[in-house]
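Chemist: Under the heading substrate binding site, TrEMBL lists A:ASP10, A:SER11, A:TYR42, A:GLY43, A:ASN74, A:THR75, A:THR184, A:HIS185. Residues annotated as active site, proton donor/acceptor in TrEMBL: A:CYS73, A:CYS183.
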Number of protein chains: 2
Amino acid sequence: MDNRPIGFLDSGVGGLTVVRELMRQLPHEEIVYIGDSARAPYGPRPAEQIREYTWELVQFLVTKNVKMIVFACNTATAVAWEEVKAKLDIPVLGVILPGASSAIKASKSGKIGVLGTAMTIQSDIYREKIQALSPDTEVTSLACPKFVPLVESNNYQSSLAKKVVYETLRSLKGSVDTVVLGCTHYPLLRPIIQNVLGQDVTLIDSGAECARDISVLLNYFEINHSRTGNQPQHFFYTTASPAAFREIAENWLGKDIQVEHVTL
Amino acid sequence: MDNRPIGFLDSGVGGLTVVRELMRQLPHEEIVYIGDSARAPYGPRPAEQIREYTWELVQFLVTKNVKMIVFACNTATAVAWEEVKAKLDIPVLGVILPGASSAIKASKSGKIGVLGTAMTIQSDIYREKIQALSPDTEVTSLACPKFVPLVESNNYQSSLAKKVVYETLRSLKGSVDTVVLGCTHYPLLRPIIQNVLGQDVTLIDSGAECARDISVLLNYFEINHSRTGNQPQHFFYTTASPAAFREIAENWLGKDIQVEHVTL
C-alpha cells in the first residue's frame with residue numbers, strides 16, 4: 001500500500017487523456033499533473049531542449065512526493081524516458097511501449113500507421129519498438145504538426161479541426177488497418193480521425209493502454225492506494241493559463257478541478 | 001529485447017493454466033516450466049517446507065537462464081513470493097495480486113469468495129490483499145484440499161470430481177457474486193465449479209490475470225522476445241512421471257510437448 005499520488009507529466013493538456021482513463025480504471029488513486037502548456041508543443045523542438053524541459057517536469061513531480069511518474073507525452077517518452085527511468089528510484093512509465101505492443105496485437109494485416117509529433121516521428125521510436133517486437137510488420141509514420149495546437153487552443157471540435165485532420169491523414173487511408181495515436185493529445189481528435197480513416201481502422205490510444213499498465217505496475221511494486229471511502233484529491237498544475245487549462249480539462253474529464261499556475 | 005525464456009514454477013500441473021493463457025496472449029515467448037508433482041500438493045505442508053521447495057524450483061529455473069520467474073502457484077506465492085522477488089535481480093511475478101485486484105473490479109456486491117489450498121487459505125493472504133485494496137469488501141475463504149489431487153491424478157473431468165466440487169462448494173452458493181480460483185490447478189475444474197456456483201457468479205482465474213501482467217512487465221522491463229518466424233522452443237520438467245505430466249499437459253494445452261524428469 002502506498003497512498004501517495006501518481007505523477008503525470010505532459011507538454012500540455014494531452015496527458016489528460018491518460019488521466020481520464022486512469023480515473024475510470026482506478027478511481028481511488030490520487031493524481032498530480034503538470035502540463036507545460038507555456039512551452040507546448042514539444043514536437044518541433046530540438047531533442048536537447050525537450051530533455052531539459054522533461055527533467056524540469058520530473059523534478060517538479062518529485063517535490064510533490066509522487067510514488068510513480070507517468071510520461072503522458074510521447075515526445076518526452078521518445079527523448080528521455082529511458083534516461084529518467086534509469087535514474088529515479090520510483091517506477092517511471094512511458095506511453096510508447098504499451099501503444100506499440102497493443103498495435104501489434106490489434107493488426108491483422110501487419111500494416112500499422114503511427115501518428116505523432118515531428119519529434120516522435122523523427123525519432124522513429126514507434127517503428128523501432130514495433131519492428132523489434134515484430135520484424136515483419138510494416139510501419140507507416142506520419143507527423144501531424146498541426147494537431148497539438150488545435151487541441152491546446154481548444155479548437156479540437158471545430159470545422160478547422162475536421163479540415164486539418166482530413167488533409168493530414170488522407171494519404172494514409174486504405175493502407176493500414178491499425179493506427180497508433182502516438183501523441184496523448186490526439187484522442188481528443190479521435191472522432192474526427194476515425195471518421196477520416198474509416199470505421200474499420202482500429203485506433204490505438206497510447207494513453208488508454210498506458211492506464212492499464214499503470215494498474216499492473218501498482219500491483220507489481222505493491223504501491224496501490226487503498227480504497228477508502230474518501231474522495232481522492234487531485235492537483236493540476238500548468239505553466240500557462242490555469243483558466244484555459246481548466247476549460248479543456250473540465251470538458252474532457254467531466255468534473256470540476258482546481259488548477260494552479262506554476263513557474264518551472 | 002531479451003530472447004531468453006520465461007520460467008514458470010508450480011507444485012505440479014496447475015501452472016499449465018497460466019502457460020496456456022500466456023501461449024495464447026504471447027505466442028512467441030519461450031517457456032521453461034518446472035512442476036514439482038512428486039511433492040504435490042504443497043497446500044497441506046508446513047510453510048517452512050514450502051519455502052524450501054520453492055527455493056529449489058527457483059534455483060532450477062535460474063540455472064536455465066530465464067529472464068523472469070512466474071510463481072504459477074498460489075501456495076508458493078503466499079509463502080515465498082515477496083522473499084524471492086526481493087532477492088533475485090530478474091522480475092518475479094506472483095499470482096495473488098493480479099487475482100485479488102481483478103476480483104475487486106469484478107464484484108458488484110462487494111462479497112467475494114476465495115478458493116485455495118489449505119496453506120493459501122490459512123495464510124489469509126487473499127483476504128489481506130483484497131481488504132488492503134478495498135477495506136469494505138467481505139471475503140469468504142474456503143479451503144478445497146481435495147481439488148489438487150483430482151487434477152494431479154487426471155480425474156478432473158470425472159463424476160467423482162463433480163461430487164467433490166459440489167460437496168465442497170455448496171455452502172458458498174448464493175453468498176458471493178465473485179469467486180477467485182486461488183489455485184492454478186482449479187481452472188481445470190472450472191466448468192464443474194461454474195455449474196455448482198451458478199452462471200451468474202464471476203470466476204476469476206488468477207493464472208489468466210497473471211498472463212496479462214506478464215505482458216505488461218515484459219514491456220516495462222523491455223525484455224520482450226522478438227516475434228521472428230521461428231517456432232518457440234518450450235521445455236517442461238517434472239519431478240514425477242513425465243508420461244503422466246505429458247498426458248495432462250497435452251490435453252490442456254492442445255499441443256504436443258516434450259517433458260523431462262528432473263531430480264531437485
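Placed from the backbone N, Cα and C atoms, the Cβ positions cover glycine too.
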Chemist: Inside 8 A of the center formed by the CB atoms of A:ASP10, A:SER11, A:TYR42, A:GLY43, A:ASN74, A:THR75, A:THR184, A:HIS185, which other residues of the chain have their CB, for the recorded substrate site?
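Modeler: Filtered neighbour residues, in order: A:GLY12, A:GLY14, A:GLY15, A:ALA40, A:PRO41, A:CYS73, A:ALA76, A:THR117, A:THR120, A:VAL148, A:CYS183.
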Chemist: Quick check for the class: what is the C-alpha distance, in angstrom and rounded, between A:ASN74 (substrate binding site) and A:CYS183 (active site, proton donor/acceptor)?
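Modeler: With distance taken Cα to Cα, A:CYS183 (active site, proton donor/acceptor) is 5 Å from A:ASN74 (substrate binding site).
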Chemist: Look at the binding-site residues A:SER11, A:ASN74 and tell me which residue has the greatest number of other C-beta atoms within 10 angstroms of its C-beta.
Modeler: A:ASN74
Chemist: Using Cα coordinates, what distance in whole Å links A:HIS185 (substrate binding site) and A:CYS73 (active site, proton donor/acceptor)?
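Modeler: Between the Cα atoms of A:HIS185 (substrate binding site) and A:CYS73 (active site, proton donor/acceptor), the distance comes to 8 Å.
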Chemist: In whole Å, how far does the CA atom of A:THR184 (substrate binding site) lie from that of A:CYS73 (active site, proton donor/acceptor)?
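Modeler: Answer for this pair: 6 Å between alpha carbons.
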Chemist: Should A:THR75 (substrate binding site) be counted as helix, strand, or coil on the basis of DSSP?
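Modeler: Assignment for A:THR75 (substrate binding site) reads helix.
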Chemist: List the residues of the same chain that sit at least 6 positions away from A:CYS183 (active site, proton donor/acceptor) in sequence and have their Cβ under 8 Å from its Cβ, in sequence order, or write 'none'.
Modeler: A:GLY14, A:GLY43, A:CYS73, A:ASN74, A:THR75, A:LEU115, A:GLY116, A:THR117, A:THR120, A:CYS144, A:PHE147, A:VAL148, A:SER206
Chemist: Please report the number of other Cβ atoms within 10 Å of the Cβ of A:ASP10 (substrate binding site).
Modeler: 32
Chemist: With the substrate site defined by the record as A:ASP10, A:SER11, A:TYR42, A:GLY43, A:ASN74, A:THR75, A:THR184, A:HIS185, how many Å span the farthest pair of C-alpha atoms?
Modeler: 12
Chemist: Using all protein chains in view, find how many other C-beta atoms are within 10 Å of the C-beta of A:GLY43 (substrate binding site).
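Modeler: Around A:GLY43 (substrate binding site), other Cβ atoms within 10 Å: 26.
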Chemist: Counting other CB atoms within 10 A of each CB, which of the recorded positions A:TYR42, A:CYS73, A:THR184, A:HIS185 comes out lowest?
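Modeler: Checked A:TYR42, A:CYS73, A:THR184, A:HIS185; of these recorded positions, fewest Cβ neighbours within 10 Å: A:TYR42.
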